[in-house]
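Contents: one structure, followed by commentary.
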There are 2 protein chains.
Amino acid sequence: MITHEQCCYWDEEDELKHLKDEFVLPEGVVYLDGNSLGARPKKSLAYAQHIIQQQWGEDLINSWNKADWWGLPTRLGDKVGQLIGANAGETIISDSTTLNLFKVLSAAVKIQAEKYPDRKVIVAEKEVFPTDIYIIEGFIDLINQGYRIELINGADDLAEVLASEVAVVVLSHVNYRTGYLYDMTDINRQIHATNALVIWDLCHSVGAVAMDLNQSESDFAIGCTYKYLNGGPGSPALLWVNAKHTEKFWQPLSGWWGHKKPFDMAQHYQPADSIRRYLCGTQPIISMSLIECGLDIFLKTSMQKIRAKSLKLTDLFIALVHQECAEFGFELITPLDHHDRGSHVSYRHAHGYEIIQALIARGVIGDYREPEVLRFGVTPLYLGFEDIWQAVQQLKAIMLHNEWKNESYLVRAAVT
Amino acid sequence: MITHEQCCYWDEEDELKHLKDEFVLPEGVVYLDGNSLGARPKKSLAYAQHIIQQQWGEDLINSWNKADWWGLPTRLGDKVGQLIGANAGETIISDSTTLNLFKVLSAAVKIQAEKYPDRKVIVAEKEVFPTDIYIIEGFIDLINQGYRIELINGADDLAEVLASEVAVVVLSHVNYRTGYLYDMTDINRQIHATNALVIWDLCHSVGAVAMDLNQSESDFAIGCTYKYLNGGPGSPALLWVNAKHTEKFWQPLSGWWGHKKPFDMAQHYQPADSIRRYLCGTQPIISMSLIECGLDIFLKTSMQKIRAKSLKLTDLFIALVHQECAEFGFELITPLDHHDRGSHVSYRHAHGYEIIQALIARGVIGDYREPEVLRFGVTPLYLGFEDIWQAVQQLKAIMLHNEWKNESYLVRAAVT
């Protein structure tokens with residue numbers, strides 16, 4: 001039997017508890033949606049003021065040099081790199097995850113086409129966040145060279161599908177709905193054994209799960225900075241390429257930021273001799289700069305400590321729902337095994353949408369994903385054990401009093 | 001003979017002079033680089049604070065609905081649309097100009113491929129801002145379907161090149177270096193007479209030159225929001241599609257923001273029945289939102305009034321350089337004819353780079369573009385006639401005293 005007292009004790013003992021002070025959260029809220037939009041780092045406000053008043057307003061175009069706006073994609077890329085097992089110079093921040101997938105997919109397909117021209121299959125998961133599928137479809141349709149997408153149920157199907165015709169596999173490190181976490185090293189080995197290449201979508205793992213892209217011998221990776229990394233709404237995305245692939249090919253979104261000598265205004269494209277060739281056009285400097293406030297908090301601790309706390313918190317969430325809410329029909333769809341679990345916990349319930357609305361009305365912010373999934377994101381940097389206790393107590397109260405049976409909760413918001 | 005007194009009088013008579021109060025500019029600076037990075041609207045600071053504190057920090061994910069983050073691309077697109085002769089629902093703000101060119105180029109090429117499969121030439125200008133060429137090269141290389149780029153010297157060459165094999169023509173409405181302005185209506189007619197399609201790059205004209213994309217029967221347009229529109233450093237770009245083309249094709253950068261039902265998490269892409277199909281991934285909300293501060297200033301006046309003042313200011317600049325600096329060897333490369341002139345004035349000079357550095361040291365901020373071009377952007381919203389007088393007086397003083405012969409000015413900055 002887990003008690004409130006026990007949760008408070010764990011908070012006292014928590015060696016990351018001081019990091020909560022780096023964030024601003026609304027009064028009385030338990031925020032379990034950091035896997036959708038990360039909370040705001042305190043420093044972001046003063047930093048935005050500095051960028052707007054000093055860099056933009058006073059220094060104007062001189063900020064391209066003075067504030068090194070031009071260097072932001074690689075400078076911030078290297079900070080993210082420290083969280084994902086990248087070496088310096090292997091990671092950029094730029095554009096969106098979807099666009100970055102188009103870039104690395106193009107590169108991966110080109111690399112494969114040269115060695116294995118008959119491989120025409122791109123594998124992705126049915127249950128991946130669908131923008132990955134959409135961009136693969138757009139790519140295949142555009143190039144019109146006989147490629148096709150094959151959708152699998154999950155990595156368990158890989159053995160079956162990985163025949164000689166697979167060129168590239170796109171996988172989500174942590175599934176956005178179930179929270180299922182893949183073993184990168186094992187899966188890379190399996191994919192490479194058949195000479196296919198892998199692209200990892202890190203949206204739901206970067207900043208929440210420890211990983212090592214180089215040690216695991218990954219090929220390409222992309223991911224969000226506005227979820228666990230707390231970069232701000234829609235902040236630009238990360239892109240990582242294994243150094244052995246970086247300079248092999250142009251990526252086709254070849255804008256002037258990726259040029260070898262961008263200020264020569266040369267009449268033909270020549271890609272930079274570095275990861276900068278994965279840049280395209282001018283970046284949104286304010287949204288990009290603010291990512292640093294979130295990253296600097298991560299650099300005060302380690303991904304190992306963050307991961308350890310994340311597992312304790314998700315363990316607690318699962319245990320408390322089992323203890324307090326067993327009678328209400330929540331079906332856990334997140335793995336119990338630590339080896340397979342990311343940093344969010346999801347349940348299926350026929351009234352998931354209304355229950356999430358009722359929870360939000362009580363100040364517990366989770367979210368809902370079709371079909372019937374209640375999703376609770378656990379961000380170790382600003383969540384404590386007592387927060388989890390409160391969240392489950394509110395859930396129990398809602399279920400006991402049928403609070404979710406409220407007509408207003410049946411009205412779906414435009415954006416869910 | 002133009003006098004200082006005369007310039008001050010023109011300022012008094014200027015019916016747009018009150019709009020200067022909407023901007024913050026550094027003390028003692030004459031800012032002639034608004035065609036590279038527009039000045040900061042005063043309201044941007046308080047608005048950024050609101051977005052960061054309230055929308056991000058307090059309302060968190062609820063802001064997707066409450067602050068209509070999701071609707072920003074079309075809501076702001078419609079505001080830009082009022083400046084370019086677009087109807088509501090035809091314009092979005094999203095991603096970068098370079099990426100938006102990739103989207104509309106893909107669409108234009110696909111439309112043409114269906115009707116005229118043998119047309120395999122994409123025409124662009126040699127002297128266009130080169131990112132346009134680079135992305136066309138990337139596109140051609142990616143699809144590998146026999147397309148080729150043909151570079152022309154300018155629209156005068158169009159008659160010669162526009163044979164039956166041209167599919168698409170990409171043109172800069174105002175040339176970034178010379179300030180040459182094309183007559184959209186005339187050129188569209190010429191291009192359409194041969195059944196080619198046109199893409200206009202508005203980077204150096206939107207917010208400075210009156211235009212009507214519909215009346216001129218343009219096909220596609222893209223452009224910056226961080227130059228004359230004062231949207232903030234690297235703010236996302238505009239994309240306009242003639243309504244007759246919008247729903248004809250997917251564009252291949254088909255991310256979830258362009259999906260017909262993005263929150264259904266459907267397993268296959270289905271493009272939105274609107275200009276939203278030109279969206280791709282999640283947008284940088286803070287950089288995007290701040291564009292509105294700049295746009296709202298435009299909506300207090302009209303593009304006709306802005307254009308009239310712009311021409312008076314560039315006329316004055318040219319006349320004063322002629323009057324005060326005739327002996328110093330500046331070669332005007334911007335057209336004298338109003339019909340052909342955008343909103344910046346450029347001169348060629350062998351010591352252009354050093355002269356620009358010396359001017360900046362005196363508080364007159366212009367910029368330099370290879371080869372040997374001094375560029376002076378004229379932004380009617382915050383520049384007056386006396387500003388132009390001061391700028392030319394400083395230029396004269398630098399030349400008279402050989403101030404540009406300073407060794408430190410020979411050191412090129414990383415970003416020029």
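A Cβ is built for glycine as well, from the same backbone N, Cα and C atoms used for every other residue.
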Name the one residue among A:Tyr47, A:Tyr226, A:Tyr347 that TrEMBL lists for the same pyridoxal 5'-phosphate site as A:Thr97, A:Thr98, A:Phe129, A:Pro130, A:Thr131, A:Asp132, A:Asp201, A:His204, A:Trp256, A:Thr282.
A:Tyr226
Looking only at A:Thr97, A:Thr98, A:Phe129, A:Pro130, A:Thr131, A:Asp132, A:Asp201, A:His204, A:Tyr226, A:Trp256, A:Thr282, which the record lists for pyridoxal 5'-phosphate, tell me the maximum pairwise CA distance in angstrom.
31
Cβ-based proximity (under 8 Å) of the recorded positions A:Asp201, A:Tyr226, A:Lys227 to chain B, or none:
A:Tyr226
Run through the Cβ atoms and count how many others sit within 10 Å of the one on A:Tyr226 (pyridoxal 5'-phosphate binding site).
27
List the residues of the same chain that sit at least 6 positions away from A:Thr131 (pyridoxal 5'-phosphate binding site) in sequence and have their Cβ under 8 Å from its Cβ, in sequence order, or write 'none'.
A:Thr97, A:Thr98, A:Leu101
A:Thr97, A:Thr282: which of these binding-site residues has the sparsest Cβ neighbourhood within 10 Å?
A:Thr282
Neighbourhood of A:Phe129 (pyridoxal 5'-phosphate binding site), C-beta criterion under 8 angstroms, separation at least six:
A:Ser172, A:Tyr176, A:Asp201, A:Cys203, A:His204
Check each residue in the chain of A:Lys227 (N6-(pyridoxal phosphate)lysine) that is at least six apart in sequence and keep those whose C-beta is under 8 Å from its C-beta; list them in sequence order.
A:Gly34, A:Asn35, A:Ser36, A:Leu37, A:Gly38, A:Cys203, A:His204, A:Val206, A:Gly207, A:Gly377
Other CB atoms within 10 A, centred on A:Asp201 (pyridoxal 5'-phosphate binding site):
28
